[in-house]
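Quick notes on the structure that follows.
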Amino acid sequence: MAPIKVGINGFGRIGRIVFRNAVEHPDVEIVAVNDPFIETKYAAYMLKYDSTHGIFNGEIAQDGNDLVINGKKVKFYTERDPAVIPWKETGADYVVESTGVFTTIDKAKAHLQGGAKKVIISAPSADAPMYVMGVNEKSYDGSAVISQASCTTNCLAPLAKVINDKYTIIEGLMTTVHSYTATQKTVDGPSAKDWRGGRTAAQNIIPSSTGAPKAVGKVIPELNGKLTGMSMRVPTANVSVVDLTVRIEKGATYDEIKQAIKEAAEGPLKGVLAYTEDDFVSTDMIGNPNSSIFDAKAGISLNNNFVKLVSWYDNEWGYSRRVLDLLAHVAKVDASK
């Protein structure tokens, strides 16, 4: 199958990292980008130089209002209204909606007016069907607007699926120790709804909320209402880690649980879930393409029915790679109909 042609709306952290990943993805070709807040020259600069992921591995140039990536022209638009972005003219059948603004079906479907056939929201959505690769992508129903949930959900869900399928989760608590993101402050500033969230990101550990456990209940219905959790925002630029503590129905030793996760990582969830016994720290995970990297040495169990599991994720790179994998899956299903 020829590479699917994709447009990106929103050239922030996820938009640019999706683009970088797409250069390496055989099934995807980025043909257009839209961002109303930056000009083409600046977009080229931000794509080329990245403080976390380094210099772009390829050639970037500008031709008028367009980007030229490794000799291929990529249309660049600066429209504020997604309904007027001419996706059809560019050949983009699929759009990655990565502004963080148009996260409902009603808002995201505006892209269809410009000629896009499908929209994938790279964020949680209040009403769009959510799919997580390795967990529930096979239930894709052809909806025109879908969500890939959050980076934390993409880390948590595969791990929870393995444990629930094998041992049945009774209940659980999750904490994500999460790197700071663009919505946080470089210095203390106003944040009316979340006072602590307005404190400087580089100096503080900041308790916060996360919708990831609730989202897991949507992609794994058997876990609906069984998980809840929180976030601790920490002063690191990238890579986060999930701490999942669960009570399980079928008792198992920690070694048995590790083996079950290892088998899943080397089998049906390969490329989504990984297993390691190395003594990693967070920066070692930068650029890791997996959604969830289970740290066998970091977990502990109190007894055979109560266990804490730890799993890393590059909240930018790994998540962006799954966006492309979900796109490829959706396109394959669409083509078979």
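Including glycine, each Cβ sits where the backbone N, Cα and C put it.
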Exercise for the section: Among ARG80, ARG233, ARG247, indicate the single residue that Swiss-Prot lists for the D-glyceraldehyde 3-phosphate site containing SER150, CYS151, THR152, THR181, THR210, GLY211. Expected result: ARG233
Exercise for the section: Please state whether DSSP places CYS151 (active site, nucleophile) in a helix, a strand or coil. Expected result: helix
Exercise for the section: Report the same-chain neighbours of ILE14 (NAD(+) binding site): residues 6+ apart in sequence with Cβ closer than 8 Å to its Cβ, ordered by sequence. Expected result: SER98, SER122, GLU316, TYR319, SER320, VAL323
Problem - Sparsest-packed among the binding-site residues, when each Cβ's other Cβ atoms within 10 Å are tallied, from SER150, THR181, THR210, ASN315 - result: THR181
Practice task
Could you list the residues of the same chain, at least six apart in sequence, whose Cβ is under 8 A from the Cβ of ARG13 (NAD(+) binding site)?
Solution key: THR181, ALA182, GLU316
Fill in the blank from the handout: In this structure, the one of the binding-site residues ARG80, ARG233 whose CB has the fewest other CB atoms within 10 Å is ARG80
Completion exercise
Among the recorded positions listed as ARG80, CYS151, THR152, ARG233, ASN315, the Cα nearest the Cα of HIS178 (site 'Activates thiol group during catalysis') belongs to ARG233
Handout entry: Reduced DSSP assignment, ARG13 (NAD(+) binding site)
Key = helix
